[in-house]
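Here's what Swiss-Prot has on this protein:
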type: BINDING; residues: GLY38, PRO39, SER40, GLY41, SER42, GLY43, LYS44, THR45; note: ATP binding site
type: DOMAIN; residues: 4-233; note: domain 'ABC transporter'
Amino acid sequence: MALLELERISAQYPGASTPVLADINLSLGPRQLLVALGPSGSGKTSLLNLIAGFVAPSGGRITLDGAPVQGPGAERGVVFQDDALLPWQDVLANVAFGLELAGVPRAQREAKAREMLALVDLAGFAERRIWQLSGGQKQRVGLARALAADPRVLLMDEPFGALDAFTREQMQELLLQVWQRTAKPVFLITHDIEEAVFLATELVLLAPNPGRVVERLQLDFGQRYAAGESARAIKSDPRFIETREHVLARVFSQRQESA
């Protein structure tokens, strides 16, 4: 049973001559890691903003647990490419910030924040200042903060796009570990083809002008990693390479058609 449903979603910004998204149908179910991939102009970020409730669709319906999505809510945790952390607070206060806004008592929210920091392998970082952290560590704090409120689904907006290649791979692997441990459904958007193929249980390819779904792939590479297989072995698997090259060809063809 799907937790999150998008039915015939369209989006058009005021003054624009064409919609940014048209007739999008998606569902996100338990233990699913749904990845949306597409070239510039395919509406990836707009799609995530609609699900997060930051903007309303022009048409169609978005529901979570059967209830319409109407504005932001704590049941949808969001991790941004820009870590959006509070530089004047320490790591613990940043992770506990949403719980503080919700009125959770200090001892309870700090205990939850420490639990989430341990989950993302930052157990010894609670008293660190944000400026003392690397880019990857900041993203771990952002992930811990999103999870602290125990959301029904986790939304990730190109979360590793600003990281170097080595740190990006580390964060991909950490995300799969967290996904396995928490069983949280994840919706992630990315422009990185290998990342999309490695992480997704379902990969949705978007075409631009207007953004629309052109292909869906059911994949198991991330599940294999979560089950204990090494990332190197998975990424050297001929089936992984074949899938990556197929997706690359589709993305390039969409870019050429929209040029």
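The backbone N, Cα and C atoms fix where each Cβ goes, and this holds for glycine too.
Annotated features, which come from Swiss-Prot, shown on the structure.
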| residue | record | contacts (Cβ under 8 Å, 6+ apart) |
| --- | --- | --- |
| GLY38 | ATP binding site | LYS44, HIS191, LEU205, LEU206, ALA207, PRO208, GLY211, VAL251, GLN254 |
| SER40 | ATP binding site | HIS191, PRO208 |
| SER42 | ATP binding site | LEU206, ALA207, PRO208, GLY211, GLN254 |
| GLY43 | ATP binding site | ALA11, VAL20, LEU21, LEU206, PRO208, PRO210, GLY211 |
| THR45 | ATP binding site | ASP157, GLU158, ILE189 |
Point to revise | Assigned element (helix, strand, coil) containing GLY43 (ATP binding site), judged by DSSP | key: coil
Exercise for review: Would you mind checking how many other C-beta atoms are within 10 angstroms of the C-beta on LYS44 (ATP binding site)?
Suggested key: 25
Point to revise | Per-region confidence, the domain 'ABC transporter' (4-233) (mean pLDDT, whole number) | key: 94
Revision key, fill the gap. Least crowded of the binding-site residues PRO39, GLY41, counting other Cβ atoms within 10 Å of each Cβ, is GLY41
Practice item. Starting from the Cβ centroid of GLY38, PRO39, SER40, GLY41, SER42, GLY43, LYS44, THR45, which together make up the recorded ATP site, report each further residue of the same chain whose Cβ lies within 8 Å of that point, ordered by sequence. Key: HIS191, LEU206, PRO208, GLY211
